[in-house]
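So TrEMBL lists these for the protein:
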DOMAIN    40-257  domain 'Cation/H+ exchanger transmembrane'
DOMAIN    269-397  domain 'Cation/H+ exchanger transmembrane'
DOMAIN    457-598  domain 'Cation/H(+) antiporter central'
DOMAIN    609-774  domain 'Cation/H(+) antiporter C-terminal'
REGION    775-810  region 'Disordered'
TRANSMEM  24-43  transmembrane segment
TRANSMEM  55-72  transmembrane segment
TRANSMEM  84-108  transmembrane segment
TRANSMEM  120-142  transmembrane segment
TRANSMEM  154-178  transmembrane segment
TRANSMEM  190-213  transmembrane segment
TRANSMEM  225-244  transmembrane segment
TRANSMEM  317-342  transmembrane segment
TRANSMEM  348-367  transmembrane segment
TRANSMEM  379-401  transmembrane segment
């Protein structure tokens, strides 16, 4: 239906002056956009546990808002989505589509296509050909079954049906692969390269279909027009590569990494490549992907009227189209993948992945509907087919394919293991995680402090943790790295972050026998701990070092500036502490390494002063082991403070019981394993004796009788004598630490003493390192609380040796 553009007014005078804002284009567009975004985000939240891409939620949201659901109320449909407003909504959506296609081009990794070569091309060719042929077969059935379908030209209808069934959605596939942690595997690389070939073929076929469609079913144009369309496209690509690409390289050099501001003239000029494109895309991708593109997907849903699919015949056709699309794509891909000697499960998973539909599919269907090649019923059938095939991709791949993760036979899961074995003198492996550049100085200083100048060589893995979002730049970062399983080891390519971090750690590696290997993990925050633990397992790591989610800087006097990277990263640390295959250290940085000279192997003066607090227990023994390694470094002064109870307190144990709230945020968690307290004391005494004997004269050792634990610990942190204080987490608490079980909790994952020192309200000046020793038999913990003294006598008979119903720490 035609729209009289001159009769549409942009804005109203306001409701107070008698105007209905919904009768004007701009206010109505705002209402429509708000409805679409709110509903699609809500549906995306509901579908998140199923790991579905956002495109599913956005199309379903459009279907619900359109004539299939809410639109059955005609008053609502004519008021919120009147026919005169749809061209305006679709125009705005098309602007988003234009920008999004630019993002898609940035995601296209030509080097991966070249690496996979003939295999990807063969898989893509079979993945297009068989479903295209099947689509032609289905077209015959639909033309004879659906009323009005035979009014369209035969060739036009066949091409549109063939294209609709043979397309693979490149952008949607990239996000599904990233979500499944397959993007950097061999399977993911082949799938992306084949999808890229498929995408190119789909656009060529789409151009052919548009040329054949003409202006509608009543008009057919010469097939020569299709040839001219194809030749024009080729000429355009050649012009862009030969003329525009060199010009954009010049623009990219003008916008070098050192220049943070991108000139507006260059933004107007560019659809560029390289770092300039990445920096440009950071400024537009949220607006495009978060606001404009959902309008395009939703507009497709708004045009879909599921009610047109009525009766057993129509639903039978829907099942036929879905099964044909799945069978053609999966069988075609599977057969050729087997011919290229891929494993059966990989081949099957690849076929399912290639069956993903998305943006190009919707473009084809929308053009087909606009050109009246597809009527309402056929359009609805094909939209639902795209939804179903994409929806089943993730769960199906998860069910049939799990990438092999070889488990390491390494037994050095804690520092103590290295001391107890002769083979330990060869190499210590540490995995240090970074959120950003701010973590670099403290991590380098900590690692150098632990580097033994006498014994083993140190191998350091640096992992940059990046949250995977729907933003394209996350995918770009993946493509800038070489594949290496999950996650991946970076190629040291150019890039602002990588240049600085890599340069810092490569310079550090020249100091001595230190091997540094930068890595990057790109995952959702809910699963990134799996990447960390997997690398720790496969790289035979002895200790993981995590930055605390808050970074603090000293100001004048006791003033401190605190930067919080977010609660999500705190949850990452908690999951790593729970699931790590080795010991874990959490570094609370208060400028460690910024104020003093970085220790070097030939330093003659002390650059760092480190204090080890020892209360007793496995975690404290691991902290003491780390202190021993630090003591070997000539530029590090180590002080050990052992807290002991006075004679009267030793006879009185501390009763702990599981917290009634069962909250990990309100109470400290302690291990529920049953241990022999006397044996634990013997181990503590033996470790202290061994340490004093080994490091006599090199380490300052003092014993402090505990009178007030809180004041004593905070006094050491506030005095400013130590650059770093190392403490155990205290999962098997000594009686002194157990007394802190009811202390106000701020960061329970650090344990009672670590939490005390990490709090920004206590004016602690020293950085803090909290150690958790790995013990696979004692991983289960429960929140616990201290039993009141009044209840002590009546509970004496119920005491056990672990934190079960009632436990006593003696």
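Cβ from N, Cα, C; glycine included.
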Short question: most Cβ pairs under 8 Å with the transmembrane segment (84-108), which of 225-244, 317-342, 348-367?
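Comparing 225-244, 317-342, 348-367 against the transmembrane segment (84-108), the winner is 348-367.
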Tell me if the transmembrane segment (24-43) touches the transmembrane segment (317-342). I count contact as 3 or more CB pairs below 8 A, with pairs 6 or more residues apart.
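These two stretches do not touch.
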Who are the long-range neighbours of the transmembrane segment (154-178) in its own chain, taking Cβ under 8 Å and residues 6 or more past its ends?
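Contacts of the transmembrane segment (154-178) (Cβ under 8 Å, skipping residues fewer than 6 from its ends): 53, 55, 100, 103-104, 107-108, 127-129, 131-136, 138-139, 142-143, 188, 191-192, 194-196, 198-199, 202, 205-206, 208-209, 212-214, 217, 220, 321, 324-325, 328-329, 353-361, 364-365, 368, 371, 373-374, 382, 385, 390, 393-394, 397, 468, 470, 474-475, 478, 522-523.
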Which whole-number mean pLDDT does the model give the domain 'Cation/H(+) antiporter C-terminal' (609-774)?
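So the average pLDDT across the domain 'Cation/H(+) antiporter C-terminal' (609-774) works out to 83.
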Going along the chain, which residues at least six beyond the ends of the transmembrane segment (379-401) come within the CB cut-off of under 8 Å?
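Result: 50-53, 55-56, 59-60, 63, 164-165, 169, 172, 176, 179-180, 182, 187, 300-301, 303-306, 308-309, 314, 317-318, 321-322, 325-326, 345-346, 348-349, 352-353, 355-358, 361-362, 365, 368-369.
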By a Cβ-Cβ criterion of under 8 Å, what residues six or more beyond either terminus of the transmembrane segment (120-142) are in contact with it?
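Long-range Cβ neighbours of the transmembrane segment (120-142): 113, 149, 157-158, 161-166, 168, 190, 193-198, 201-202, 317, 320-321, 324-325, 327-329, 331-333, 335-337, 339-340, 350-351, 354, 378.
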For the domain 'Cation/H+ exchanger transmembrane' (269-397), give the DSSP counts of helix residues, strand residues and coil residues.
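Going through the domain 'Cation/H+ exchanger transmembrane' (269-397) residue by residue, I get 105 helix, 0 strand, 24 coil.
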